[in-house]
Amino acid sequence: MMGICEMKSCCSWLLLISLLCSLSNESQAISPDGEALLSFRNAVTRSDSFIHQWRPEDPDPCNWNGVTCDAKTKRVITLNLTYHKIMGPLPPDIGKLDHLRLLMLHNNALYGAIPTALGNCTALEEIHLQSNYFTGPIPAEMGDLPGLQKLDMSSNTLSGPIPASLGQLKKLSNFNVSNNFLVGQIPSDGVLSGFSKNSFIGNLNLCGKHVDVVCQDDSGNPSSHSQSGQNQKKNSGKLLISASATVGALLLVALMCFWGCFLYKKLGKVEIKSLAKDVGGGASIVMFHGDLPYSSKDIIKKLEMLNEEHIIGCGGFGTVYKLAMDDGKVFALKRILKLNEGFDRFFERELEILGSIKHRYLVNLRGYCNSPTSKLLLYDYLPGGSLDEALHERGEQLDWDSRVNIIIGAAKGLSYLHHDCSPRIIHRDIKSSNILLDGNLEARVSDFGLAKLLEDEESHITTIVAGTFGYLAPEYMQSGRATEKTDVYSFGVLVLEVLSGKRPTDASFIEKGLNVVGWLKFLISEKRPRDIVDPNCEGMQMESLDALLSIATQCVSPSPEERPTMHRVVQLLESEVMTPCPSEFYDSSSD
C-alpha cells in the first residue's frame, strides 16, 4: 500500500515539475514582434555587426540594437537601422509589427519589392526607406496608414505610377519619391497636391503640374487633367545624387586602372586596340538632356579612331582620353571597366543623376557610351589641366591671385554638393588632381559621385590605393565612413597644398615624420606659420594669407565637430580673404 502512495506522490511531483518547466519555457518564448524581427534578420545577406545581437536566445526584442519598445505594452514602436550596410530583402513579416510608429531603414542596401504587408502597420507615423535599392511599384496599401506623417522613398529604383491612395494620407507633411523610375501622372487629388517639385524630381517619366510636364493621353494629346494652354516641357529639375550605398569595388577598379596604365607604357597600342574593339563590338550612346548635339554613330566613329596619343591621364577611376569632334568641340573620355552585369543598372541610374547636376564650379558629365566591357564617360574638357599639374609639374608658377581664386572656386563647387543638393553629396576624394582648371585658371571640381559609385566595402583602403592618403581625415582612416566633415578636412589639406606648392606627403615632410598638416602645426608651434607659403608665389598679400591659414587650420581640426561647414568656409573666404580685414591669426600664433 505504501508503495502505491509513494508512486502517486512521485507522479504528482513529476507532473508539477513538468508543469513548472512548461510555464518557464512559455515565459521564455520569443514574442511575435521578436519573431518578425528575426525573420528580417534571417533575410539579410550581409551587414555590419549591429543586428548580429538579435538572437532567439534573448526572448525580449526590446533589448536588441536599433529597437525601441513601449514601456507599458512591451511592443516594438521604433526600428532604427540606418547606415548599417544591410543587404537583403524586406520580408512581409515586417507587417506583423502592428504597433510600429517609426521605421528607419535608409542608407543601406536593401533590395526587392517594398512588401504590401507594410500597410498592416497602421500605427506608423514615419517611414524612411531612402537610399536603398528597392524595386517594383509603391504599394497602394501605404495609403491605409492613417497616422503617417513622413514618407521618404527617394533614391531607389522604384517603378510604376504613384498610387492615388497616397493622397488619402491626411496627416502627411513630408513626402519624397525623388530619384526613382516612377512614371505617369502625379495624383493631383488629396494631400499630394500640396508638395513641391523637389518631392518628385529625378523621375524622368513623371508628368503633372508638380514637375512642369504636361501629361499626354494615349493619342499623344495633352491630357484633360493637365493645365490648359501649357506647352510640354522637358523635366529640367536637377537630379540629385543619392547617398545610397551602391554596390562596387573601387580597389578592383583602381588595380585595373593601374594595370591599364602599365600596359599603355609597356605595350604601346594594346589598350587602344582593345578600346577600339570594345566600342566596335556593340556600343550605345546615352546623352543627357540633349547635351551632346551629335548622333551616336558620329561619336562611336570618333571613339574608334582614338590612339595612344589621345591619352591625357590615368587615375584611380580609369584611363582618360581627349576626344575631339569635327565641329572643334573637345571632351574628356574616362574609361571605367565594368565589374559585373548586375552592377550596370545601378551604375547607369547614378550616371543619369550625375549628368543632370550643373554648376559653374563642377565638371559637367555630358553622357556616356555603354560598351560590352566598359563605361566611357564623356565630360567637358578643361584646357587648363589639373591643379596637381599646375602646382607640381609645370615650369610656370601660379601667382597669389590665381591660387586664391582656385581655392574659392573649389570651395564653391564642394559647398554646392554639400548644401544645395538633396540628399547632400559627399565627394570622398577631394585632392588636387580632382580640381580641374579652364583656360582662365578657374577651378572646377571633378569626379564627384564616382567614389561612392565604385565604393568597396573597405572604402578607406581603396582610397589609399587610389593615391589620396595625405588628404584623408583621421576619423575616416579609422572607420571608413565618409561625411561632409571628412570632405572639409580634405579641402583644408588642399588649401595647404595650394599655399605651400607641395603635395601633402612631400618628401620634405616625410623626412620629418610629418605631412603638410603636421608641418603647419609645427610652424604654428614655432610661431612662424607664414613660412609654409611657396617662396615662388608672387603677389602674396599677408592679410589674405593669415585669413587662409586660419580657415585651413579650422578645416584640418582633428575633431570633426570643430570643422566648419563648406557653406561657412565660402562665407569666410569671401568676407576675410577677398576683402581682408586685419587678421588676428598671425598675432595669436606669435604670442
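Cβ atoms are placed via backbone N, Cα and C, with glycine included.
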Annotated N-linked glycosylation site residue, as Swiss-Prot has it, among Asn25, Asn176: Asn176
Among Ile312, Val320, the most crowded of the binding-site residues [Cβ within 10 Å]: Val320
Pairwise CA distance, Ser386 (phosphoserine) versus Ile312 (ATP binding site), rounded so that it is a whole Å: 11
Secondary structure content, the repeat 'LRR 1' (73-97) (per DSSP, counts of residues): 5 helix, 8 strand, 12 coil
Cβ contacts under 8 Å made by the repeat 'LRR 1' (73-97) with residues that lie 6+ beyond its boundaries: 31-33, 35-37, 39-40, 43-48, 50-51, 60-62, 66-67, 103-121, 123, 128, 134, 245, 457, 481
